Amino acid sequence: MRPDDRDGPRARARAWLPDVALALGVFVGLNALGSLVAGPRFDVTGAWISLPEGTGSSVFKAMLAALLIARGLGPLRRRSVRVLAVATLLAVAAAAAWDTAVYFALLVGGRIATPLPFPSSVLVLALSLALARAAARPGPPRVWSSGQVARGLATAAAVALALPLLLMLTFGPTRYAREADAIVVFGARVYSDGTPSLALADRVDEGIRLYHRGLAPVVIMSGAIDEGHGASEPEAMKARAVAAGVPASAIVLDELGVDTAATVEQTAEWLQQRGVRRVLAVSHYYHQPRVKLLFERAGVLAYTVPATMSRRLLKEPWFVGREVLAYYAAWLAPFLPGR
């Protein structure tokens, strides 16, 4: 290495890799451990990378978590462990490469559409290869100074923020519209005179377009009754849809959808009663990762369709930031009080 490379961008990036490995190892490990307690649907790592389901996959993820944590704590001293770590990370890279190939095959084939043709699996692939290279290098034990501890905590916070944000920016805007048993439109604010907010209008309009394309015979309008002024979100949604030519007989109202989890629960029950399980889930792009998580846990096959925004929402940055916390709350819900 040239002397001026020691403090260059690549060197600084390599210095952060152990902290990234440690943070990711903890995340993967929590998913693996939580699956043992709460069941396999607790594991959300499939949102970033597709691995075969079953006991073998659980063992693989537990091993991956242990190796990432070990590498984060310091260089792997034993050659056999380094070889195992490299092989494991290369397997992750191979799975990410496959996910990427499938993504672009679906995109080219017109099965999905997106304004940003960049799957999260590309970053998973690049990071897996970088971590594999780092795992292959022996070295002296890591000395944990106060500065390194602070850097590790900052990295963990950055990784925790980046994981759901990555889904919002890659998975969220992707349109998986196809034939389904129902279209479910998630509610948003309605004004006291029954006028839907911009966010709600955009969601309803997306559901209307899907219905007119003949993709599903039923539209479920799910939301709440405003506690302050008493206006019903679903009623406002229905009125807008009927005015746009959707038959009232094709609309199902759910006024118990007080939050995302309640809408998913009510929809899952409605589907189960009719022996069907496929829905088109309509909401904003930043909301879709959590929508997908909750539907998967409910055993519903949900294809997400982000609402086309007539203009950017003024509070969009706030909604995105809030959704980061909401995503983790939904993930950890089986272990939270009152859930």
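For all residues, glycine too, the Cβ spot is worked out from N, Cα and C.
Small disclaimer: the values here were computed from a predicted structure and weren't measured.
Look at TrEMBL and you will find 20-38 (among others) tagged as transmembrane segment. Here the transmembrane segment (20-38) has Cβ contacts under 8 Å with residues 44-45, 58, 61-62, 64-73, 127, 131, 134-135, 152, 155-156, 159-160, 163, 334-335 of the same chain, all six or more residues outside its ends.
Residues or ranges marked as transmembrane segment by TrEMBL: 58-76 (among others).
Per TrEMBL, transmembrane segment is recorded for 83-106 (among others). Residues 49-51, 60, 63-64, 67, 70-71, 76, 112, 117, 119, 121-122, 124-125, 128-129, 131-132, 135-136 of the same chain, all 6+ positions outside the transmembrane segment (83-106), place their C-beta atoms under 8 angstroms from a C-beta of that stretch.
Taken from TrEMBL, the feature transmembrane segment applies to 118-136 (among others). Within the chain carrying the transmembrane segment (118-136), a Cβ under 8 angstroms from the stretch's Cβ atoms is held by residues 13-14, 17-18, 20-21, 48-49, 67-68, 71, 76, 82, 85-86, 89-90, 92-93, 96-97, 99-100, 103-104, 166-167, 170-171, all 6 or more beyond its ends.
Look at TrEMBL and you will find 148-171 (among others) tagged as transmembrane segment.
Across the domain 'DUF218' (181-323), mean pLDDT in this model comes to 97. Residues or ranges marked as domain 'DUF218' by TrEMBL: 181-323.
Secondary structure counts, DSSP: the domain 'DUF218' (181-323) has 62 helix, 29 strand, 52 coil.
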